[in-house]
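Feature annotations, reproduced from Swiss-Prot:
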SIGNAL    1-17  signal peptide
DOMAIN    74-215  domain 'Cupin type-1 1'
BINDING   HIS117, HIS119, GLU123, HIS162  Mn(2+) 1 binding site
CARBOHYD  ASN226  N-linked glycosylation site
CARBOHYD  ASN244  N-linked glycosylation site
DOMAIN    249-393  domain 'Cupin type-1 2'
BINDING   HIS296, HIS298, GLU303, HIS342  Mn(2+) 2 binding site
CARBOHYD  ASN346  N-linked glycosylation site
ACT_SITE  GLU357  active site, proton donor
Amino acid sequence: MKYSAVLVAALAAIADATIPIPKGGVPGQPIQESGKGAVFSGGTNNQLDLQNPSNIGGQPATDNGLVPNMKWSFSLSKTRMLYGGWIREQVIQDLPTSHDIAGAQVHLIKGGIRQMHWHRVAEWAYIYAGSFLISAVTEDGQFQLDKLGVGDMYYFPKGAAHSLQGLEDENEILLIFDDGDFDRVGTTFMVADWISHTPKDVLAKNFGVPPSTFDKTYNPDLALINSTISTKTVEGGNGALTGNSSYTFHISNAPEIQVPGGGGTIQVVDSKNFPVSKTIACAVVRLKPGGMRELHWHPTAEEWLYFHSGNARATVYIGGGLARTFDFTAGDAGVFPDNSGHYIENTSETEELIYLELYKADRVADVSLSQWLALTPSDIAAAAINVPIEVIEQIKKEKQYIVS
């Protein structure tokens, strides 16, 4: 008997109350454990239904009201395919709730180059596959030339001139921009695009070369190109960017923090240890199976999330009795509104969850619900949430970050 026939038979039996409804509802169907709901009888995407149980039968009873979508899968993004690799984005047109941040995945083959360019916004990056040669120049003629590997990051301030080159067979990077409307005209400026739209006699005068030098300039402009790995170094100008001025950050400078609550680790990279990163702050979070980022909120900005591996569930409380639960998997992005309350839980029994928290801010900051209750007079806190004082008195006063 085919799976669909078995499912139909099982659902019919459930409808007749001949067998109990599974805990958490019927997988892939809008049927809750309580008996609420019914089967899908029309068109539906079964794979998406199975990946998002919190939208159907698995939604908690505590969810309430109309809460906008806060999730986007990069698999739904249009992929721009080029000879040097590919690019796919999440911008505000994809996820209208993401005002502060836009994201992109960029893949470069060995020798592939992300063309020389600059932006009207800042660009931050996290490398999760391969390695890259990073090149940048400031308005003062200082330069950066650095090789970055998995876990390393960079930050280019608004207007900084830069380029990337892939150094291994396959290289992939997450780019973050501090404006959700990243595709707006006047955001990205490509050097080859500019040159191809400048009269050749002007170019000749500017660079002191014959006009024919620019006969083969790329037109239309290519964001990625094939090339060979650079063997050149850079000298002169006003010297290299180093120390607190460096645009690059090696993750070895941010050891994993074994948090008090157990259940995982956090690595924080913000302006405290990466001084140039003034508008993007990051936490790399690893949750063990069953681990949970404790109930908290962020006082400084929206939280933009990138899920690198594993599976997660999060409930977002946006005030006024409104709350919604979302399911996340590898390749998903999410955004939680400024100051909204939430948690993130690893729903796997065997696999570690790895995700990035990103903020349009100079530092990572959160307020722990548990710590707030514990550091409030216990009788007041107990009255506020209608629990015995003993419950408040046993809550740890130290921020736990992650619990298991």
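Cβ coordinates are placed from backbone N, Cα and C, and glycine is handled just like the others.
The model shown is predicted, which means the values in this text are computed figures rather than measured ones.
Sequence features, as recorded in Swiss-Prot, placed on the structure.
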{"residue": "HIS117", "record": "Mn(2+) 1 binding site", "Cβ contacts under 8 Å, 6 or more apart": "ALA161, HIS162, SER163, THR188, PHE189, MET190, VAL191"}
{"residue": "HIS119", "record": "Mn(2+) 1 binding site", "Cβ contacts under 8 Å, 6 or more apart": "PHE156, LYS158, GLY159, PHE177, THR187, THR188, PHE189"}
{"residue": "GLU123", "record": "Mn(2+) 1 binding site", "Cβ contacts under 8 Å, 6 or more apart": "TYR155, PHE156, ALA160, HIS162, LEU175, ILE176, PHE177"}
{"residue": "ASN226", "record": "N-linked glycosylation site", "Cβ contacts under 8 Å, 6 or more apart": "TYR83, GLY84, ILE109, GLY111, GLY112, ILE113"}
{"residue": "ASN244", "record": "N-linked glycosylation site", "Cβ contacts under 8 Å, 6 or more apart": "PRO275, VAL276"}
{"residue": "HIS296", "record": "Mn(2+) 2 binding site", "Cβ contacts under 8 Å, 6 or more apart": "GLY341, HIS342, TYR343, ASP366, VAL367, SER368, LEU369"}
{"residue": "HIS298", "record": "Mn(2+) 2 binding site", "Cβ contacts under 8 Å, 6 or more apart": "PHE336, ASP338, ASN339, TYR359, ALA365, ASP366, VAL367"}
{"residue": "GLU303", "record": "Mn(2+) 2 binding site", "Cβ contacts under 8 Å, 6 or more apart": "VAL335, PHE336, HIS342, GLU357, LEU358, TYR359"}
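Summary of the Mn(2+) 1 site environment: with the site residues HIS117, HIS119, GLU123, HIS162 set aside, the chain residues having Cβ atoms within 8 Å of the Cβ mean position are TRP118, PHE156, ALA160, ALA161, THR188. The C-beta environment of ASN346 (N-linked glycosylation site), restricted to residues of the same chain at least 6 apart in sequence and closer than 8 Å, consists of GLY264, LEU287, LYS288, PRO289, GLY290, GLY291, MET292, GLY310, ASN311, ALA312, GLU352, LEU353.
In the domain 'Cupin type-1 2' (249-393), the DSSP tally of helix, strand and coil residues is 22 helix, 66 strand, 57 coil.
Across the domain 'Cupin type-1 1' (74-215), the DSSP tally of helix, strand and coil residues reads 21 helix, 64 strand, 57 coil.
Here the binding-site residues are HIS162, HIS342, and the one ringed by the most other CB atoms within 10 angstroms is HIS342. DSSP assigns ASN244 (N-linked glycosylation site) to a helix in the three-state reduction. Across the domain 'Cupin type-1 1' (74-215), the model assigns an average pLDDT of 97.
DSSP assigns ASN226 (N-linked glycosylation site) to coil in the three-state reduction, placing it in neither a helix nor a strand.
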